[in-house]
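Notes follow the structure.
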Amino acid sequence: MARSGVDETSESGAFMSFLLKDQRLDEAISFSSVHAIWGRTKETDDHRGWVFPDSDTELPGAEPDYLNGAKSVRELYEIASPNYEGKYTVPILWDKKLKTVVNNESSEIIRMFNTEFNGIAKNPSLDLYPSHLRDTIDETNEWVFNGINNGVYKCGFARKQEPYNEAGIPDGVLNVVTGFGSTAGAAIASHMEVDKVISNVLRVNNVGRKIVQAAATSNLKKVILELGGKSPLLIFNDADVDKAADLALLGCFYNKGDICVASSRVFVQEGIYDKEDMKIYKDEIFGPVMSLMKFKTVEEGIKCANNTKYGLAAGIVSQDIDLINTVSRSIKAGIIWVNCYFGFDLDCPYGGYKMGGNCRESGMDALDLYLETNSVVMPLHNSPWIYLVSSSSPISPSVSSTSPLLSHDPSRQALFLLQASSCLMFITGTAVDFPFLFEPASNFFTV
């Protein structure tokens, strides 16, 4: 289930409630929000998962399902951390007729959460945009859009830095430099005091090469690039044809096709490729048409999918889990969607292979691109957590301050006690010749 800051008392929540009532959907669907609690879904259940207690502000008919509403989540997240208990509210659209929760996550994709990334992103809001309400929401947006465009506006001068200062971003954290790529971009890429360049230059691979070249000839700054994709969608014989057609349409034409992971290459296995009774075969198509390509074997499909210089994303439509496992491991792409498309999440990294670039977006992998590793090594001389004893003497913390850290005398052994199990240390000095093993805290180990 999605976490969100949306609730009945917020502006977004009030709008959703108004929208349901205005479109006369409130008799079929109620809107509410409840606090998700990390706990057992039932007393006899060994697993842990999200459960939804009653909300004081529930609208009539909103009855979150304690067990079934958390069943799938429980199975997936049984090992997740409970540190985020009670932090977020969960927006609920309750289908009064079907007696079930309806939203864009519960239908097909259960989004991954309660991972390491959640400790950094305090409230990563996810959209509440169920497919069966899209026409209604789009209609409302069109009404708002038409109202806005009845006015006459005058564009002011571009404000470079002021909005960020007004938002409270400290000086120097975010600096705006405007200009063309051949001037401003080239200056940044070749600047000796710029440590890293991150660029999204879709469909322009030559620009990416020039950025890398400028970095190499200046200060060897790190370069992270997203250069585009030519993503394949593989549809196998056992696929649900109607669902596959919907995914192909969504994958290629979403946002008018102007999206980096668009499934612009659709490969259909020959067993379901030609069907003369299909509506798309018989009726006129007055609009954009997608060209499909046929493949025979799984191996041929994989070869076709990888036959591109890009590798940003890919899709697989099949019901055979073994086939899915084989194909997903064989396709060279940063993210593979199985029986879905455009399934993004803040915890799920994706990025390019080959000429698709070397970036990763979302998740800890994305944050790692902004970090540098700094290993600190220091000698430890009679530190409180290190005890030295001879091989014949009992373990004792009473060690002379004049004792060396380690002795080359083979008759002596050094026993270390680590006070913290997560502490990793490199010992320098006379210990360089001694391999050592780490054991859990409170255990001695021999060097």
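Any Cβ shown, glycine's included, is placed from N, Cα and C.
Just so you know, TrEMBL annotations are computer predictions that nobody has curated.
E226 (active site) falls within a strand when secondary structure is assigned with DSSP. What TrEMBL lists as active site is E226.
Positions annotated as domain 'Aldehyde dehydrogenase' by TrEMBL: 164-275 (among others).
The domain 'Aldehyde dehydrogenase' annotation in TrEMBL covers 276-376 (among others).
Around the Cβ of E226 (active site), the number of neighbouring Cβ atoms within 10 Å comes to 23.
Secondary structure of the domain 'Aldehyde dehydrogenase' (276-376) per DSSP (helix as H, G, I; strand as E, B; remaining residues coil): 32 helix, 18 strand, 51 coil.
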